[in-house]
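Please read the structure below before turning to the comments.
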Amino acid sequence: MASFPLSVNEKLIARPRTVGELLAPTSPFDKKCGRENWTVAFAPDGSYFAWSQGHRIVKLVPWSQCLNNFLLHGTKNVANSIGTRLPRQNSDSGQKNKPCEHIIDCGDIVWSLAFGSSVPEKQSRCVNIEWHRFKFGQDQLLLATGLNNGRIKIWDAYTGKLLLNLMDHTEVVRDLTFAPDGSLILVSASRDKTLRVWDLKDDGNMMKVLRGHQNWVYGCAFSPDSSILCSVGASKAVFLWDMDKYSMIRKLEGHHNDVVACEFSPDGALLATASYDTRVYVWDPHIGVILMEFGHLFPPPTPIFAGGANDRWVRSVSFSHDGLHIASLADDKMVRFWRIDEEYPVQVAPLNNGLCCTFSTDGSVLAAGQDGSVYFWATPRQVSSLQHLCRMAIRRVMPTSQVKNLPIPSKVVEFLCYQI
């Protein structure tokens, strides 16, 4: 990766350590169009890493094996040279649960990926159907792929076998997210201006269509307790939905251009949104207030020009598992690591044509997608304070309104609400 000039405020900022690269094989006939890596994903248990290589192909690799190869052979790896071949579909159960490398041809351009794991105790919400084609066990791991033609294909991550083909969207499926509670509830966001809720334990039955966006929906994310869904889209849209009632809770006002990515903090107390207005906002989703702003253009553009600085558009945002760090990826060829309590990035790395980023399951690595390839950096590491760990424990079970009613000093309330 070539280096690029840094802004005045970023010249003294450290660069993160490069962990490795997965470089997609290229041929003289490959064209840039169609090779975009729009999405990368880690399995909830950390067993697999998946990314879209472009030209309809999704690659799954065992994450631990991937890290070992980086250590053994240096940072660079050609994506087709690592791992083992796809196992036979009739292999025994002992082989089934052993992570193996897969190459999946999805039949169309892949825009979104999401892993979902099953908890058997979480029953299907459809109570009228007792018979299902699929019985999902504790060890089940699914991969959902959202395609250019509006279809969603569901794959068994262990075998690479296609399980379901969901076909209700009429435009590009731009994002996918599974409920974290193991219920295998899947939500899809599409350019057809809708979000759709699917019950994979009920053979992929579409349970609900969420309407409210007037334009393209770019992204969606569940809160850690699966009770709230955030969706973001064109025309500055940031919506919060009650996923028990399938109703809109509120619309968050503040961005000045299309909002393209969102993610909750691990305790659910914060919500990060990334926009083409060159900003990342961190909200209190319970009361709809902006708590922090991370700007990628200085001085920040005024609202009337907020769509003009397209060399600073923010493409992606991700929350680290420690609840203290956020990563953002922008069109200025930079990946930035931020602390939620500091104004400027703590680390910056160069990345040309970056499109997506996400933290690994344990938060130790950030993966960022480029044209068919993936780059990995070690994330800023520090021991969280006892105060912060207590704050996260409290906020996992207590919304802002309840915190403000606690009989404790006002400064402690402000700290618990991330206001200091």
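If you go along the chain as it appears here, the first residue is 1 and each next one adds 1.
Each Cβ is built from the backbone N, Cα and C atoms, and glycine gets one as well.
Secondary structure of the repeat 'WD' (166-208), assigned with DSSP and counted as helix (H, G, I), strand (E, B) and coil, comes to 3 helix, 23 strand, 17 coil. Positions annotated as repeat 'WD' by TrEMBL: 166-208 (among others).
Listed by sequence, the residues of this chain that lie at least six past the ends of the repeat 'WD' (210-251) yet keep a Cβ under 8 A from its Cβ atoms are 174-181, 183, 185, 187-191, 193-197, 257-264, 266-268, 271, 273, 275, 283, 285, 288, 396. According to TrEMBL, the repeat 'WD' annotation covers 210-251 (among others).
Annotated repeat 'WD' per TrEMBL: 252-284 (among others), in sequence order. Confidence in the repeat 'WD' (252-284), given as mean pLDDT, stands at 96.
Per TrEMBL, the feature repeat 'WD' maps to 314-348 (among others). Below 8 angstroms of C-beta separation, residues 4, 6, 9-10, 13-16, 260-267, 270, 272-276, 278-280, 282, 292, 294, 296, 354-359, 361-363, 366, 368, 377, 379-380, 382, 384, 388, 392, 418 of the same chain, each at least six residues beyond the ends of the repeat 'WD' (314-348), sit close to that stretch.
For 376-420, the entry in TrEMBL reads domain 'SOCS box'.
For the domain 'SOCS box' (376-420), the residues of the chain that approach it from at least six positions outside its boundaries are 16-22, 70, 224-225, 266-270, 282, 284, 286-287, 291, 320, 322-325, 327, 335, 337, 339-340, 346-347, 349, 359, 363-368, judged by C-beta separation under 8 angstroms.
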